[in-house]
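Straight from Swiss-Prot, the features:
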type	residues	note
BINDING	22, 23, 24, 25, 78, 157, 158, 159, 160, 161, 162, 213	(R)-5-diphosphomevalonate binding site
């Protein structure tokens with residue numbers, strides 16, 4: 001009798017925001033990076049991708065992927081690499097145990113939803129590919145560890161490998177040509193430093209002009225600064241950042257985070273022709289963070305920017321009133337602040353020009369903090 005059952009599994013996966021940046025591939029096909037990187041996984045209460053993976057012999061249209069209600073192309077090499085790798089691991093289980101249903105031979109139907117704007121510099125591809133890989137791994141009942149699964153997610157989107165873990169996560173660049181040692185590992189769980197918070201200023205929810213993939217390869221090919229960055233700057237920053245996290249040393253964490261962001265965007269500007277992901281609002285956000293730190297007399301906030309204009313500001317819970325209060329005051333009427341922000345009292349006031357640049361350019365804020373890795377859920381998307 002043929003198996004007509006529909007098998008399914010769902011997971012949520014988080015966004016991660018790098019504090020030591022990934023920029024540049026040494027192998028574009030396998031998504032192998034030119035340097036290691038390190039990120040903070042953000043709470044799924046605020047930013048998450050929900051993905052349901054199902055398979056059945058009755059799915060006659062072949063594999064499919066629906067993202068935010070729209071059919072998405074799955075013919076790309078990256079998605080295909082993830083499917084192929086996961087199927088082969090399931091097939092190995094089926095070969096070892098003939099009583100298992102032959103799920104590896106059934107078409108896959110993936111349905112995914114983000115609760116944040118896609119492709120606007122909010123690391124949506126990282127959460128998306130991490131969720132896709134984890135959902136299929138749950139569906140196939142694979143015994144692989146998050147680090148093993150990160151090898152697969154990496155082939156979909158480099159930074160996705162870091163979204164297989166919660167907390168503070170390193171992506172080790174590895175040295176092997178086949179990429180078998182280029183994977184994520186846990187630097188520290190969220191519970192090690194749970195006080196870490198992030199305020200995201202969404203400067204533009206529009207799709208970015210130069211995609212990360214093409215941008216980074218232009219940098220590799222044309223930037224003179226790039227070699228210095230991958231040879232000296234990043235290895236030093238990785239060591240300092242791991243130390244800062246281990247010691248819960250926020251001033252050190254903050255300085256490395258800001259210097260790293262500056263270094264990354266300097267190599268983008270040094271690309272020929274230059275790439276500019278940041279805009280006037282981004283630069284105003286930097287001035288705002290500098291203003292806060294200067295007026296407080298210690299480093300209480302750190303800015304970082306990925307390949308887009310959105311500013312992510314890291315701070316510790318104990319300084320929430322200072323940071324949230326200052327931005328709440330400047331961004332009156334902008335949505336996304338959490339309950340209690342209105343009562344946050346900050347002694348910091350930005351000058352009128354800075355405040356009005358921020359108010360005009362920031363479309364919303366997202367208030368969040370460090371969080372956990374993918375979570376299996378009983379919430380299913382059709």
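Just so you know, glycine gets a Cβ as well, placed from its N, Cα and C.
Where Swiss-Prot records a feature, it is marked here on the structure.
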residue : record                                 : Cβ contacts under 8 Å, 6 or more apart
22      : (R)-5-diphosphomevalonate binding site : 33, 35, 37, 158, 159, 171
24      : (R)-5-diphosphomevalonate binding site : 33, 34, 35, 216, 217, 219, 220, 226, 230
78      : (R)-5-diphosphomevalonate binding site : 31, 129, 155, 156, 157
160     : (R)-5-diphosphomevalonate binding site : 125, 126, 127, 128, 129, 130, 133, 153, 154
162     : (R)-5-diphosphomevalonate binding site : 16, 18, 37, 39, 41, 126, 150, 169, 170, 171, 184
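Among 22, 23, 24, 25, 78, 157, 158, 159, 160, 161, 162, 213, the residues given in the record as binding (R)-5-diphosphomevalonate, the maximal Cα to Cα distance rounds to 18 Å. The secondary structure of residue 22 ((R)-5-diphosphomevalonate binding site), as reduced to three states from DSSP, is coil rather than helix or strand.
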